[in-house]
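Q: Encoded as structure tokens, here's the structure I'll be asking about.
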Amino acid sequence: MNDTNDVMHVHSESISPKKNDLDIELGESVVEPHLSNNSIAKLDTYELEENEDISDYAYKLAGISNEHPAHPQNWGWWKKAYIVLLSTSLQMYVFWTPNFYPGVQDSVMELWHLSSQVSLLGQSMFVLGVALGPLFLGPLSDLLGRKLVYIGSLIIYVCFCISCALARNYAQLVISMLIMGVVGSTALGNVAGAVADVLGDEDSNWGMYMFIFMCSVASVGSPMGTGVAENPKLTWRWLYWIDVIVGGFFIILFVFTPETLPAIVIQRYEQKRQGLPVSWFPQFSLKKLAKDTYFVFFMAIKIFFSEPIVSSLGIYNGFVNGLLYFFLQAIWPVYFSIYKMSDMAASCTYMAAMPACVILLWFEPLQCWLYKRDKRKHQNRLRPEARFIMTLFYVWGFPIGIFMFAFCSKVHIHYIVSLIGLTIFNIADYHIWQAMLLYVTDAYPNVSASAVAAFELPSNLGAVGFIHLSALMFSRMNVHWATAVVGFASLPLIALIYALYFYGDRIRARSKLASQRVPINTAAH
């Protein structure tokens with residue numbers, strides 16, 4: 001998720017990068033962007049010394065000021081709202097595909113005579129692709145811009161949706177799902193970057209909320225998969241034809257959507273202002289793309305093994321993210337087998353994520369107020385630990401919701417009780433994900449692209465593991481104790497949030513990459 005390095009726009013003291021490195025190579029005519037003290041992405045001296053030959057990527061956004069009149073953060077509110085809504089809606093579209101896969105699973109098991117574990121490969125390979133895609137699609141979006149990556153990845157995504165719809169064997173379906181996951185990962189990295197392009201520091205919470213909310217709306221894929229797959233006039237293949245139709249609609253919208261990458265927007269503005277030819281198709285080389293991709297990957301691996309904050313949060317988020325797919329499997333033995341609901345009614349219970357995010361919306365202003373108050377208390381200095389103020393309370397909803405679902409899913413207890421437990425779990429789950437992502441970008445502003453990549457890789461790999469582990473657990477344990485086991489496993493993880501809130505500043509003080517104190521330019525607010 002390379003592009004999420006812009007999720008939190010951090011004002012920091014400028015360094016003095018080389019002029020040649022600051023040139024934005026987007027066309028034949030290179031115009032130096034408007035510079036100021038407020039760098040969007042500043043590379044740490046430590047990093048430059050050790051990676052002098054691969055630092056092009058880190059310099060990409062250096063010196064671009066949000067005070068420039070052409071900067072996307074200075075656009076009209078309606079234009080920014082449209083871009084945020086469209087970009088985050090893409091996340092809903094891409095992620096309803098792994099959510100509708102349970103509707104496909106039974107059909108492909110019967111069609112190609114597969115075991116239950118093998119039949120899950122389509123879903124798990126999609127999630128694996130989402131984990132791997134940002135490692136090279138992220139740097140590509142910083143070279144070509146958000147718009148071209150959106151359109152290009154969507155075209156490939158739609159092509160392989162057609163491949164899934166016409167699959168002649170299971171291998172074709174699995175390989176196509178893997179490629180769909182890789183190119184569909186733009187719904188994580190590119191979307192987060194585009195949202196950060198148009199929203200400043202003070203508004204980032206709301207942008208991340210929309211990012212998380214559209215993830216919850218993707219849960220509509222569960223009943224959609226059941227309804228379409230069970231319709232004899234449609235069958236499971238029509239789920240992928242629906243993806244093709246909706247994907248074509250998104251392609252058309254993005255063709256008429258403006259570019260948001262500040263480097264390109266400012267470049268074109270300066271070219272127009274000076275009467276120079278405007279470069280609408282950025283130039284780049286495969287060598288430069290390879291260098292930038294290598295930089296993100298190299299630093300991501302280095303950060304994961306050398307920074308305990310990132311590695312611990314990444315593993316925690318792998319558990320958190322994996323439980324979403326765990327409960328996608330758990331709803332069937334509970335609501336179909338215990339409560340005797342129809343397939344459609346049982347699949348609709350997975351949409352408990354949507355009211356959970358609506359509830360989060362009501363408390364988002366409180367989190368923003370607490371965050372601003374914390375900055376005032378610390379002399380207007382951004383403190384990453386302030387992202388966890390509300391999390392200290394939300395984190396307890398994680399085991400509470402899991403245990404409610406585990407031990408209240410019984411015939412003599414109304415199903416609404418277990419649904420409330422599932423909703424409480426989702427409230428905690430989505431809030432923790434949002435808080436951890438913002439914490440990582442705040443704590444590692446100089447290498448945030450690689451830090452987020454290091455954070456997200458184990459997160460999605462955890463989801464891959466839980467897809468297969470959950471099926472194994474439910475085949476060998478009853479649903480009550482299978483769910484209780486993950487509930488007990490979540491208890492020690494509560495300590496991690498408290499440890500980072502109270503001792504995170506001391507841990508960051510020992511890091512060469514983490515930021516201890518990030519000054520805020522109050523004049524900009």
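Numbers here mean position along the shown chain, with the first residue as 1.
Keep in mind that glycine also has a Cβ here, set from the backbone N, Cα and C atoms.
Found this in Swiss-Prot, in case it helps:
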MOD_RES   S55  phosphoserine
TRANSMEM  81-101  transmembrane segment
TRANSMEM  120-140  transmembrane segment
TRANSMEM  173-193  transmembrane segment
TRANSMEM  208-228  transmembrane segment
TRANSMEM  238-258  transmembrane segment
TRANSMEM  295-315  transmembrane segment
TRANSMEM  318-338  transmembrane segment
TRANSMEM  350-370  transmembrane segment
TRANSMEM  388-408  transmembrane segment
TRANSMEM  413-433  transmembrane segment
TRANSMEM  454-474  transmembrane segment
TRANSMEM  484-504  transmembrane segment
Q: Under 8 angstroms, Cβ to Cβ: which one of 81-101, 120-140, 208-228, 295-315 has the largest number of such pairs with the transmembrane segment (173-193)?
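A: By Cβ pairs under 8 Å, 120-140 leads among 81-101, 120-140, 208-228, 295-315.
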Q: Does the transmembrane segment (413-433) come near the transmembrane segment (454-474), with 3+ Cβ pairs under 8 Å (pairs 6 or more apart)?
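A: No, the stretches stay apart by this measure.
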Q: Counting Cβ pairs closer than 8 Å, which of 81-101, 120-140, 350-370 has the most of them with the transmembrane segment (238-258)?
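A: Top-ranked stretch among 81-101, 120-140, 350-370: 81-101.
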Q: Per the 3+ Cβ pairs under 8 Å rule, pairs at least 6 apart in sequence, do the transmembrane segment (388-408) and the transmembrane segment (318-338) touch?
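A: Yes, the transmembrane segment (388-408) contacts the transmembrane segment (318-338).
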Q: Under 8 angstroms, Cβ to Cβ: which one of 295-315, 318-338, 350-370, 484-504 has the largest number of such pairs with the transmembrane segment (120-140)?
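A: If we count Cβ pairs closer than 8 Å to the transmembrane segment (120-140), 295-315 scores highest.
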Q: Let me check one thing: do the transmembrane segment (454-474) and the transmembrane segment (208-228) come into contact, meaning three or more Cβ pairs under 8 Å with sequence separation of at least 6?
A: no
Q: Near the transmembrane segment (350-370), which same-chain residues lie under 8 Å Cβ to Cβ, leaving out any that are not at least 6 residues past its ends?
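A: Sequence-remote neighbours of the transmembrane segment (350-370) are 99, 205-206, 209, 212-213, 215-217, 219-220, 222-223, 324, 327-328, 331, 386, 389-390, 419, 422-424, 426-427, 429-431.
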